[in-house]
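These notes concern the structure reproduced below.
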Amino acid sequence: MSSADFRSLSQYNEPLIRSPSIYSSIGSGIYLPQGTPLHGGVFVLANTILGAGMLGLPFAFAACGYLMGTLMLTGFGACATGALVMLSEAADHVGRPASFNSVAELAIPGAGIAFDAAIAIKCFGVATSYLIVVGDSIPKAAVHLGASGILLERRFWTLAALAVAAPLAYMPRITALRHVSAVALACVGLITVMIVCESIEQCKGPTALVTNPSQTLHALPLFVFSYTCHQNIFSITNELSDPTPQRNIKVCVLAVGAALAVYIILGASGYSTFGGLVDHDILASYPSDNGIVAVARLAISLVVSCCYPLQAHPSRACTTSIVRACGGEDIDDFVLHMAITTVFVLASGSIALVVTDLGLILSVVGATGSTTVSYILPGACYFILFPERPSRWLGFLLACTGLIIMPLSLCLIFWK
């Protein structure tokens with residue numbers, strides 16, 4: 001694609017409100033084609049939500065029991081939906097197409113770069129972890145399938161995943177990713193069905209409706225960050241066909257609702273199979289020679305490979321905004337797009353090849369970046385931008401929730 005072609009693809013992305021402080025944030029984000037059907041937006045948003053983290057939900061259920069697990073998922077799902085709707089309404093208020101930067105700058109002048117940095121770093125860390133998941137999962141499945149040699153090397157499969165995901169990360173628009181997302185969601189459905197079928201077997205450990213409150217507290221981060229997808233809501237709603245507030249809300253509700261259904265079924269089924277003995281990763285609890293588990297490992301590897309570009313796009317958009325704000329206004333759009341994406345791909349791939357565990361780093365990034373993106377920024381912006389609405393106090397409550405969750409999550413990470 002030439003530089004001229006790239007610019008022609010982005011011509012319709014001109015913002016309705018052309019403010020010098022926010023204009024640089026528009027252009028290299030992920031934009032669905034104009035007229036994208038509602039289900040396409042739902043697929044992309046749901047795929048952003050559903051990643052490898054869902055395999056830890058049975059362990060979360062073991063920590064708090066069936067009842068509290070279901071209530072926690074439902075409660076934080078409602079928070080996520082509310083935050084997504086607040087961001088969508090803030091985007092309508094600022095003017096379409098909007099971005100995190102444009103909304104943040106209007107609500108809190110000067111804060112755009114800080115929020116962009118938080119989103120870019122968070123998405124980069126998550127994308128890197130996806131490559132690590134592939135490198136860890138496929139060799140375990142390959143052993144059961146009788147593979148040998150290089151097919152058992154984690155680095156080989158990390159590079160293979162990168163070869164599949166990287167071209168999608170370079171796309172200036174997210175058009176094709178709605179089809180990729182549909183494939184990923186089908187894999188999520190397959191994994192869920194497999195775990196449900198395995199739950200028919202006799203439970204191997206104790207189960208409970210409610211457990212000790214201290215155990216529930218330690219599982220809190222697993223529930224809090226189960227619905228992080230807010231970095232893509234602007235790009236998705238920007239390009240919906242007939243993007244009315246009602247249709248935008250429908251995308252949010254359907255995507256989070258689908259994720260909630262998967263989470264409850266998968267979490268409760270995995271817990272019923274292993275009870276309190278379930279591993280942090282549900283697949284690690286099954287026998288290594290289980291053929292169903294081998295297929296599930298391949299499926300989750302495909303899911304996270306499809307999720308990789310959904311993290312690359314918002315990270316690039318935020319990095320582009322930072323570069324523009326720091327004196328890079330004259331850099332050609334196409335050149336900047338290619339340069340940032342290449343650095344993202346090479347850096348994430350290199351880290352995934354040499355590091356096997358980013359647990360602590362990703363936990364800290366999640367506790368800070370995800371809380372900012374999912375709770376603090378949506379609530380604060382909504383509260384500031386809509387002073388005449390009584391519902392603004394819901395935004396205030398959401399932001400305060402985030403300010404409580406962040407230090408609490410950090411304490412739980414380091415105090416184990």
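Glycine is treated like the rest: Cβ placed from N, Cα and C.
As recorded in TrEMBL:
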- 38-59: transmembrane segment (TRANSMEM)
- 41-396: domain 'Amino acid transporter transmembrane' (DOMAIN)
- 66-87: transmembrane segment (TRANSMEM)
- 107-133: transmembrane segment (TRANSMEM)
- 154-170: transmembrane segment (TRANSMEM)
- 176-197: transmembrane segment (TRANSMEM)
- 251-271: transmembrane segment (TRANSMEM)
- 291-310: transmembrane segment (TRANSMEM)
- 334-355: transmembrane segment (TRANSMEM)
- 361-386: transmembrane segment (TRANSMEM)
- 393-415: transmembrane segment (TRANSMEM)
Item checked: For the transmembrane segment (107-133): best-contacting stretch of 38-59, 66-87, 251-271, 291-310, by Cβ pairs under 8 Å -> 291-310
Check: So what's near the transmembrane segment (251-271) in sequence-distant terms, Cβ-Cβ under 8 Å and 6+ beyond its ends?
Finding: 38, 41-42, 45-46, 49-50, 54, 57-58, 60-62, 66, 69-70, 73-74, 77, 80-81, 84-85, 88, 185, 188-189, 191-192, 195-196, 198-199, 207, 226-227, 229, 233, 236-237, 240, 278, 282, 285
Margin query: Within the same chain, where does the transmembrane segment (393-415) have neighbours whose Cβ lies under 8 angstroms from its own Cβ atoms, ignoring anything closer than 6 residues to its ends? I mean 6 or more beyond.
Written below: 79, 82-83, 86, 217-218, 220-221, 224, 360, 363-364, 366-368, 371-372, 374-376, 378-383, 386
Check: Is the transmembrane segment (66-87) packed against any residues at least 6 beyond its ends, judged by a Cβ distance under 8 Å, and which are they?
Finding: 57, 60, 103, 207-211, 216, 219-220, 223-224, 226-230, 233-234, 248-249, 252-253, 256-257, 259-260, 263-264, 267-268, 271, 374-375, 378-379, 381-382, 394-395, 398, 401
Margin query: Is the transmembrane segment (361-386) in contact with the transmembrane segment (176-197), using at least 3 Cβ pairs under 8 Å (sequence separation of 6 or more) as the test?
Written below: no
